[in-house]
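Working notes for the structure below.
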Amino acid sequence: MLDGLSRAVKSDRVAELAERYGRLEGAVLLNALLRDEFDGRVAVVSSFGTESAVLLAMAAEADPSFPVLFVNTGKLFGETLRYRDKLAAALGLTGVRTVGPTDEDLAAEDADGLLFTRSHDACCHLRKTVPLDRALEGFDAWVTGRKRFQASTRAALPLFEAEEGTGRIKINPLALWDRERIDQEFARRNLPRHPLEADGFLSIGCFTCTERVAPGADPRSGRWAGTAKTECGIHTFKKTGTAQ
Ligand code: SF4
């Protein structure tokens, strides 16, 4: 936990970033963050989901070797793994790193592979949060593809956030983008779509916990459907400061 002084420092840092970079976006913003602000110690975290191609294309434009972290929980759709490879090749991304839970952790905590039936939170912690946290060691910041329109729970998403307990900065360069703008960018860049999107999967995680989305519903409503869970855990660190 951060003490009060650390919290204030982080809040200042978030405000400073918003002031300096809040009017930039896309490859220009990513380039500035990668080269100037964080001196290589910033990574994109991507699920290679239905909208990921836009952010990844911007990262590739800034620098094809931009570090891209992809968490393979061991429960992903085969379509997602093949899409990761296809998209990375199409964009020329050379810095994609696939991470996941260790064999030791799985043996100790999910030996039968059915932890998700007993506790979604414990399973996401084991298979997503812990592997990503390990992969982010050595990085001062990470870039996400989250947007406000994706869910009511993301309606106030800021451009910059400070994570409590890690000291890292989270950057959400597409926070203000809407569905129409995403679609326009797919068309403008001729980006390939995730193969499951046309089948009604608008937000795609593990095959065990992802359902098709009803017409007009929140794009993320197919995740952990029928439960109160809305986030896997990698985005629910308590924040010490936000700015837009
Ligand atoms: S989405 Fe489901 S299977 Fe995947 S890590 Fe979370 S609980 Fe486990």
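Numbering starts at 1 and runs along the chain as it is shown here.
A Cβ is built for glycine as well, from the same backbone N, Cα and C atoms used for every other residue.
Taken from TrEMBL as is:
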ACT_SITE  Cys232  active site, nucleophile
BINDING   Cys123, Cys124, Cys206, Cys209  [4Fe-4S] cluster binding site
DOMAIN    42-211  domain 'Phosphoadenosine phosphosulphate reductase'
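Sequence features, as recorded in TrEMBL, placed on the structure.
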| residue | record | contacts (Cβ under 8 Å, 6+ apart) |
| --- | --- | --- |
| Cys123 | [4Fe-4S] cluster binding site | Asp110, Leu115, Phe116 |
| Cys124 | [4Fe-4S] cluster binding site | Cys232, Gly233 |
| Cys206 | [4Fe-4S] cluster binding site | Thr73, Lys75, Leu76, Phe77, Phe116, Arg127 |
| Cys209 | [4Fe-4S] cluster binding site | Lys75, Phe116, His120, Arg223, Trp224 |
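Using the Cβ center of Cys123, Cys124, Cys206, Cys209 for [4Fe-4S] cluster, the list of other same-chain residues with Cβ within 8 Å runs, in sequence order, Thr73, Lys75, Phe116, His120, Arg127, Lys128, Gly205, Thr208, Trp224, Cys232. Taking the Cβ of the residue listed as 'active site, nucleophile' as centre and 10 Å as the limit, one finds 24 other Cβ atoms among all the protein chains shown. When secondary structure is read from DSSP and collapsed to three states, Cys124 ([4Fe-4S] cluster binding site) falls in the helix class.
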